[in-house]
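Trainee: The structure follows.
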Amino acid sequence: MNSKIKSIYMVGIGGSGMSGIAEILLNLGYEVHGSDIMESHIIHRLRKLGAIISIGHQAENLGDISVVVKSSAVTEDNPEIQLARQHGIPVIPRAEMLTELMRLRKGVAIAGTHGKTTTTSLTATVFDTAGFDPTVVIGGVLNAYGANARLGQGQYLIAEADESDGSFLLLLPIINVVTNIDLDHLDYYRSFEEIEHAFVTFMNNVPFYGMNVVCGDDPGVQRVLPRVNRQVITYGFESSNHIWAEIIECGIINRFKVIAHGECLGEVILTQPGKHNILNALAAIGVALEVGISPKCCIEGLANFKGVGRRFEYKGEKNGITVIDDYGHHPIEVAATLETARKVFPDRRIVVAFQPHRFSRTQALFGEFCQVLSTVDKLLLTEIYPALEKPIPGINSQNLAQGIQQISKIDVTYYPDIDAVFHALPHVLCAGDVLITLGAGTITTIGPKFLTC
């Protein structure tokens, strides 16, 4: 980055993607300021690292700043953004700053509608095992780091690429991963065709010597591959892929053989449950093999993987009740979480506390949400987490509850907020239940509160 850049201001600094970049910048010696709407453990961590952070977005927060970095959730009417533009201070999206960091390393960008965070974390773990010491920027807390970012001394930067606002097209990696392509983020994209076009552009953006590692089993990926003019390696469960898995065991622990380019590399043991995590592991193997990491290091790294925060995360037990927390907020992610829960806890009642995320997503996928949520044993449904979106008439959790009741007979109860859900837990849970707090908003807070009350 240009030596004239001294002080960086980050609007929405507490977000999962922004905070990781902030941590890397702090470790590189930059002066980092920022703001967010509320205190959090992430804010506290960044302050300890030296960041100066204000709570609330106010124009007077800006001082002598070289550049302003904005989260994708921050709109143009934000007073800090407006003042920066009035004073001619550059305002750039998060992905553009990530691109600047990527210029310092060889970039690996991991994209897809689902599975980005876990796949990025698995890839980082394999690179660590091989002694590559990568710089890593993730959208969740990698348990091995205790953080969502780390500045390494090696030549690679492994980053989660956010497709939600199209800004992932700014990145300049030499290796891309696409885990899947599904309908989402219709607050930005006007159609599924636009989403497909964005991913095609993303894959074609790698240099001529670069590589795309993509899930060959995914229908969305299959549709766009004929339009990709760069090199591609596919992975999946089908033997037609370049890299594929032969499942031995799929449950609390995943065991599978990996066949790459016709050669069996060996047996992988992965402690992350769920069939979807086998696919995530295959993506990590594909990237690792591409940069010359041995199959032995791949197998060892995956076996030592300690997981990611909020991805089917075990929180604890109380009175015979198991508490799991998961970030899933798209119907396909919810389905994967519930499928995993049924395999891990086959004879137990599954109670889900779900907080939908964004009005636009709930509207676009209303029917899909009704279908997948109707498969649980007991559903506690709270109001939609807006993520700075404005309400859409008729799109609310009460109507979602009614939609579920119209197609199933499951026990579903609506609660106006997460406090009401928390206070209801002692009355609806009993010994032997599995409580899953599910969603990308604030629902994550009620599990620990329940365990300690």
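From the backbone N, Cα and C atoms, a Cβ is placed for every residue, glycine too.
As listed in Swiss-Prot for this protein:
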BINDING   Gly112, Thr113, His114, Gly115, Lys116, Thr117, Thr118  ATP binding site
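How buried are these features, and what lies next to them?
Mentor: A simple way to gauge crowding: the CB of His114 (ATP binding site) has 22 other CB atoms within 10 angstroms, across all the protein chains here.
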Trainee: Can you list, in sequence order, the residues of the same chain other than Gly112, Thr113, His114, Gly115, Lys116, Thr117, Thr118 whose CB lies within 8 Å of the CB centroid of the ATP site?
Mentor: Ile110, Thr119, Thr179, Asn180, Asn280
Trainee: State the three-class DSSP label for Gly112 (ATP binding site), counting H, G and I as helix, E and B as strand, and everything else as coil.
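Mentor: For Gly112 (ATP binding site) - judged by DSSP and reduced to three states - the answer is coil.
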Trainee: Enumerate same-chain residues with a sequence separation of six or more from Thr117 (ATP binding site) and a Cβ-Cβ distance below 8 A; give 'none' if the list is empty.
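Mentor: Result: Ile138, Gly139, Gly140, Glu160, Val308, Arg311, Tyr327.
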Trainee: Check each residue in the chain of Thr118 (ATP binding site) that is at least six apart in sequence and keep those whose C-beta is under 8 Å from its C-beta; list them in sequence order.
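Mentor: The answer is Gly140, Gln272, Asn277, Asn280, Val308, Arg311.
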Trainee: Taking the Cβ of Lys116 (ATP binding site) as the centre, how many other Cβ atoms fall within a 10 Å radius?
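Mentor: By my count, 26.
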Trainee: In sequence order, which residues at least six apart in the same chain have a CB under 8 Å from the CB of Gly115 (ATP binding site)?
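Mentor: Spatial neighbours, sequence-distant, of Gly115 (ATP binding site): Thr179, Asn180, His276, Leu279, Asn280, Ala283.
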